[in-house]
Amino acid sequence: YRLSASLDERTYAACGGHLQDLLCQECSPYAAHLYDAEDPSTPVRTIPGLCQDYCVRAWRSCRSIFRALSPDPEVIALENNMAKLCRYLSLEDTDYCFPHLLANQNLNQNLGLVTADAEGCLQLCLVEVANGLRNPVAMVHANDGTHRFFIAEQVGLVWTYLPDGSRLEKPFLNISEAVLTSPWEGDERGFLGIVFHPKFKFNGKVYVYYSVEVHYEERIRISEFRISPADMNALDHGSERIILEIEEPASNHNGGELLFGYDEYLYIFTGDGGMAGDPFGTFGNAQNKSTLLGKVLRIDVNNNDRGPLYRIPPDNPFLSDPTARPEVYAYGVRNMWRCSFDRGEPHTKEGKGRLFCGDVGQNKYEEIDIVEKGKNYGWRAREGFSCYDKTLCTNSSMDDVLPIYAYPHKMGKSVTGGYVYRGCESPNLNGLYIFGDFMSGRLMSLKEDRATGEWQYSEICMGTGQTCMFPGLINNYYQYIISFAEDEAGELYFMSTGVPSATAPKGVVYKVVDTSRRAPPGKCRVEPLPVKVKSKRIPFVPKEAFILKTPTPHPRLRTTTEAPRRRIPDPNTPRRPAVDGVGQGNRVRTRTTPAPGGRAPEPGKGGEKTGQRRRKKPPGNGAVRLMRQGRRGRGRGRVEVFIDGEWGTVCDDGWGLPAAAVVCRQLGFPYAARATKKAEFGEGTSLRILLDDVQCSGQERTLLECSHADVGTHNCSHEEDAGVVCSREEVTDW
């Protein structure tokens, strides 16, 4: 309207169509190409690239509109020279110039699809938005118009981030002294969840989920805090009210998600109590509706300033069952790690309110569920689509709900649930459920086929070539995907770390970006409400970089709804917690201590002359070797130990980097890169399991000097054979 107002009536009648056509190309799916924004080495055009015939027609009747559309001095200088002006405004690729691209069927048939590589892997990019975090387990917003976001660390601190990316020096919440966790890689205990009340803008209430120890008893605690009356960026630490506490019989499977539904009730997601196979009671905690473990709970914390801390919603499904806890909303849950409510399709709101969860598996499969009121999600009878407890699985009264998707442990071993994308900036992602795997670092997606109701799988890869070659975009991330998040505008993020320890500041938050189609300029602009800041602002300094060389792609999953699924390490002893939720696997490269006497010997160096043959002496007690694919491994493989005249394997219960350091030093390597579990280098089925429950300090000369169960005594199978990856160089990041 501003431009057309500058034209007289006759010129507007002749040129209004051209003016509107050219302005509207900013909203074209091909705007990035038309304005030459795909090549970061060239300036962005001010007028879209034109086809020669169109430019000639527009120039002959409306040459003055070019001056109105563009401040480019070159356009103004060439205004009266049709040939030079149209050459300047043209695109070399005539298939993409305006308006020919509008009629090009090859270009327009896939406009609603994300760019994929030859194998169907969706090509996305990332923006780094926060770093230096210690196992960032959650990121939430207050839904109060300020567009702040709050990132929680597993140790018990929550930080405030402002819309400009800066972090406030003073924590939003610090309960680290109360939170129960440890530096052990894979410890699932800690600060696990946070959510703002839907009416936070009015009541200032925030709810948190964390592990505590009370009289030597481990519990999970759900607490309520209020905003500080003196600082809108800090909670009043003295306002804590404990809403609910549940005893945890083991240190793993602690759940950790808190959500408010569109019904304004609080949803709490608990684990089954830990250990392996839900061994509690006749049928396990998850199938026992009289316990709160292994459940999705729903309670009413509204208007709780007087009277009970929470009430039971009147339509909770088991109110009339005298054997069930009234808080139970759904059951048969193993350890749901990260759930989300679908915001619904932006225009029609289709899908709004669906509750998606990733439920971590036991030995074989990981699953994605849509949780509904009163439903049984099958654990421990079923793991994914397959039977786990065959007796329970064949019970016709189970009536359990199958997942919408499951995948095998060869693809990943600890699912991290995500979100259905409903943001504004990447319209082709709309309706795509994006999630990941903590152990394998795989990013994945599901898309519903509305005709059949089935969910089709696509893997997500980092963009190759020029896909992510834009300022501020990167194409790589740390492996251990801990959690996903939405900001107030609905854009999607995920959090990962390079070292899965609650005390390692290696966590990074990434924003997901689809460069195949951007929203029209200005459409997604937000105007945050002002924030009164009383703490020092710490500017954000990105540390990650674009990598030109494409990382090796993961093997692809089958695109079937009924895919096999994966398995998670699940220790049977609580001595050193390390299982599915916030951390698993030993990816940190740790230096081993040199053997007494100085340098460790190099393998293959001995005292005999080349070419001499001699009878091999039997190895000494405690000697080790590495095996992979039926042959000796060089620096990596399944650990086999020689004891009392025979070779045998080592069970991975308690297996960690200190034990790996002992093995690597025996073999002449100065560093241990990784301690592997769950028969990553194959099963030694032809041998006996000789060692179990191995606990080392890292200073021992052999595994026999470490603490361990009696030789030959074990409570594991070859599916849990331990292994190592050794190194000659110290590398701090994997």
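Any Cβ shown, glycine's included, is placed from N, Cα and C.
Of the listed cysteines (C696, C716), only C696 is recorded by TrEMBL as the disulfide partner of C706. Here the domain 'SRCR' (624-727) has, by DSSP, the following mix of helix, strand and coil residues: 16 helix, 39 strand, 49 coil. Non-local contacts of C696 (disulfide bond) by the CB criterion (under 8 A, 6+ apart in sequence, same chain) comprise G656, P658, A659, A661, V662, L703, C706, S707.
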